[in-house]
Amino acid sequence: MLFSGSAIPLSSFCSLPEKPHTLPMKLSPAAIRSSSSSAPGSLNFDLRTYWTTLITEINQKLDEAIPVKHPAGIYEAMRYSVLAQGAKRAPPVMCVAACELFGGDRLAAFPTACALEMVHAASLIHDDLPCMDDDPVRRGKPSNHTVYGSGMAILAGDALFPLAFQHIVSHTPPDLVPRATILRLITEIARTVGSTGMAAGQYVDLEGGPFPLSFVQEKKFGAMGECSAVCGGLLGGATEDELQSLRRYGRAVGMLYQVVDDITEDKKKSYDGGAEKGMMEMAEELKEKAKKELQVFDNKYGGGDTLVPLYTFVDYAAHRHFLLPL
């Protein structure tokens, strides 16, 4: 459930620097080190336009993908979560950015990008249910089950999962994406949401047991980031080795954002500093892991504007109002 913490408005992404490598560092010397200083990209790359344009396109395509049909109630519940204001759109943006890294066509990536957001929304609907995490609020607004009831929320989530697969098959341009690639995309998403992915993480989160915290973080939060990056790589024509680098990158980013959210929440609750220090160290380690994988592409292809959006996922986490030890 990648980036499933508090809502972040589009303006927050717009506040990212247009030239990442010239980002002025306003944090204290003990602050988390940003990858911006080493991020590739030309002086002319307009990051703000990239993010706003891409998110606007994704929102439009998601709106078109889920029209209200009969019975209207279930479609309204589906749209409530998928089109929610404040949604970060991290999975679809990461997918498109990874596709474009390898020269892929954005038009080829949009159907899968939208499918990833549908799956992400479905997982959050189910996550918030009283029988799961019992969260009455999502992104500052009532959760799906709070508005529509638990029964309808379950149905809305159940409907979004197959709709995601259907959308990939019916909307992916056959002249841009081979059938074999479509099959791999579906397999990747199915693995992510199933008993070896997010479902496993949610199970352990519910039941506990002899599992390390990293297992829950990897399965429940890292899996969606991993899937988003890999799907983009598949659409862009990445090699198997490159897909593995994307897999490690996405997993690290997904886990990083959750750790950051946990740190922020702990600061609000004034927990003891010992646990917080451990989480800060974990966040720094995850950040470095994500950067390491991107540097593989930087070294291989000589950097360039196409890497900047993927670096910003790491940089944005690094500047979310918390400090890490050097």
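Glycine is no exception: its Cβ is also placed from the backbone N, Cα and C atoms.
The transit peptide annotation in Swiss-Prot covers 1-33.
According to Swiss-Prot, the feature isopentenyl diphosphate binding site maps to Lys88, His120, Arg139. Around the Cβ of His120 (isopentenyl diphosphate binding site), a 10 Å sphere holds 29 further Cβ atoms from the protein chains shown.
Residues or ranges marked as Mg(2+) 2 binding site in Swiss-Prot (evidence: similarity to another entry): Asp127, Asp133. Taken residue by residue with DSSP, Asp127 (Mg(2+) 2 binding site) is part of a helix.
Among the features that Swiss-Prot reports, Mg(2+) 1 binding site is placed at Asp127, Asp133, with the record citing similarity to another entry. In sequence order, Asp127, Asp205 are the residues of the chain that are 6 or more apart from Asp133 (Mg(2+) 2 binding site) and have a CB within less than 8 Å of its CB.
Annotation note: Arg138 (dimethylallyl diphosphate binding site) sits in a strand segment as assigned by DSSP. If you look up Swiss-Prot, you'll see Arg138, Lys220, Gln258 marked as dimethylallyl diphosphate binding site.
What Swiss-Prot records for 274-301 is coiled coil, and it gives sequence analysis as the kind of evidence.
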Between Lys220 (dimethylallyl diphosphate binding site) and His120 (isopentenyl diphosphate binding site): CA-CA distance (Å): 11
Cα-Cα distance linking Lys88 (isopentenyl diphosphate binding site) and Arg138 (dimethylallyl diphosphate binding site), given in Å to the nearest integer: 12
Rounded Cα-Cα span from Lys88 (isopentenyl diphosphate binding site) to Lys220 (dimethylallyl diphosphate binding site), Å: 17
Of Arg138, Arg139 (the binding-site residues), the residue whose Cβ has the fewest other Cβ atoms within 10 Å: Arg139
